[in-house]
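Asks: Got these off Swiss-Prot a minute ago, pasting:
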- 19-39: transmembrane segment (TRANSMEM)
- 64-84: transmembrane segment (TRANSMEM)
- 99-119: transmembrane segment (TRANSMEM)
- 130-150: transmembrane segment (TRANSMEM)
- 159-179: transmembrane segment (TRANSMEM)
- 182-202: transmembrane segment (TRANSMEM)
- 222-242: transmembrane segment (TRANSMEM)
- 266-286: transmembrane segment (TRANSMEM)
- 299-319: transmembrane segment (TRANSMEM)
- 337-357: transmembrane segment (TRANSMEM)
- 370-390: transmembrane segment (TRANSMEM)
Amino acid sequence: MGTQKEKKSVFALLKSNSIGGILLMLATALALIMANSPGHYLYSMLITTPVEVRFGPLEIAKPLLLWINDGLMAGFFFLVGLELKREIFEGGLSQRSNIILPAIGALGGMVVPSCIYLAFNYQDPVALRGWAIPAATDIAFALGILSLLGSRVPTSLKILLTTLAIFDDIGAILIIACFYTNDIYLPGLLIALLCMLILFIVNRCKVERTTVYIFIGSIMWIAMLKSGVHATLAGVILAMFIPMYSRKHPGQSPLKNLEHDLQGTATFIILPIFAFANSGINLTNISMDFFTHAVPMGIALGLFIGKPLGIISFLWVGVQLRLTKLPVDLNWSTVTGMSALAGIGFTMSLFVGSLAFDQAITGLIFDERLGIIMGSLFSGLLGYLLLNKTLPGDKHEM
């Protein structure tokens, strides 16, 4: 499975994503330590620090946490959009034969976890807002675990996990756009649409300076922030207008250059900061009722059981119907281990959770982050153990 060009594009991301996964673990551990230390109030003060930006009459005032979730994550989704466009033009999504297998797996990996969550929470209208939380996959974390197995991991398995996560990202983008949009403020939406039109015109005029696109995209981000449509979507939309190829410099790609420049920033700065700001749960006053509440239980079981069950069952049906087939060097045992790793929702699940629930309101009843961390932790452990047992080569001792 996969051409040489496709393998090269995947390996270009593997090293940074693997290290990024380790950084995410460290950022999460640091947040939990700070949130449960005698100086836990310093952590709370930090993420709730008010930050205000003014441009003449325009004012944007938010706590630091929301600047991270709405601002920094827009940069992350911009990178996701760039990766999607590149994959569509010349990567793993450019050939139909390479699309069907991960697309079917990703569909199952979103549908079944969501159904498990709904089975726990269908009677609670507030809890229902979290149905999409276990549908996400954190590719950086998953690749970080996969990297622990070294050269034993076949290339086709890395490509399958990466492309499956790409489809997961597409699903997350659509879910955010359709289900987590607040009341619409029409003037803001119209300005955002005008920015999209200008971006289209600039692209058609063959403008290659990425700073022009980013300037217009920044205005679009502000407009979407005010419009009620989640501002992170501005990053994805902006990426679609970045030129793939350069007419002035044949062989150069403005999109690839920008993607290369942003990869390290997203992996080593944006995602660790997001994880640190969103995973600091104070466990000192949490009772067992918080762990057994239907929301965290639905999330944890959706990630731990629903993800691998959904991916494997949908892939099996797809293979039986001859819609697709497994790569020759993979078997159902290794694919099961990979499917368990896909249950590491972490940063993406935390992000969807921040859209679904307001901790100031629901925090006294349940904390969805408990389910995300538990489900992701057990999924990572299960995936590692399964792959360590089924992959050829020397087995790693725990």
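The backbone N, Cα and C atoms fix where each Cβ goes, glycine too.
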Asks: Do the transmembrane segment (64-84) and the transmembrane segment (130-150) share at least 3 Cβ pairs under 8 Å, sequence separation 6 or more?
Replies: no
Asks: Need a quick answer: max count of Cβ pairs under 8 Å to the transmembrane segment (370-390), which of 99-119, 130-150, 159-179, 182-202, 266-286 is it?
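Replies: If we count Cβ pairs closer than 8 Å to the transmembrane segment (370-390), 130-150 scores highest.
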Asks: For the transmembrane segment (19-39), give me same-chain residues lying six or more residues beyond its boundaries with a C-beta closer than 8 angstroms to one of its C-beta atoms, as numbers and ranges.
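Replies: 138, 140-145, 147, 267-268, 271-273, 275-284, 346-347, 373.
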Asks: The transmembrane segment (337-357): which same-chain residues, six or more beyond its ends, come within Cβ distance under 8 Å?
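Replies: Those are 24, 28, 69, 73, 105, 109, 113, 126, 129-130, 132-138, 140-142, 145-146, 157, 160-161, 164-165, 168-169, 172, 175-176, 180, 230, 232, 271, 274-275, 278-279, 299, 303-304, 306-308, 311-312, 368-369, 372-373, 375-376, 378-380, 382-384, 386-387, 390-391, in sequence order.
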Asks: If I count Cβ-Cβ pairs under 8 A between the transmembrane segment (299-319) and each of 130-150, 182-202, 266-286, which range comes out on top?
Replies: 130-150
Asks: Test the contact criterion for the transmembrane segment (99-119) and the transmembrane segment (159-179): 3 or more CB pairs under 8 Å, pairs 6 or more apart in sequence, then answer yes or no.
Replies: yes
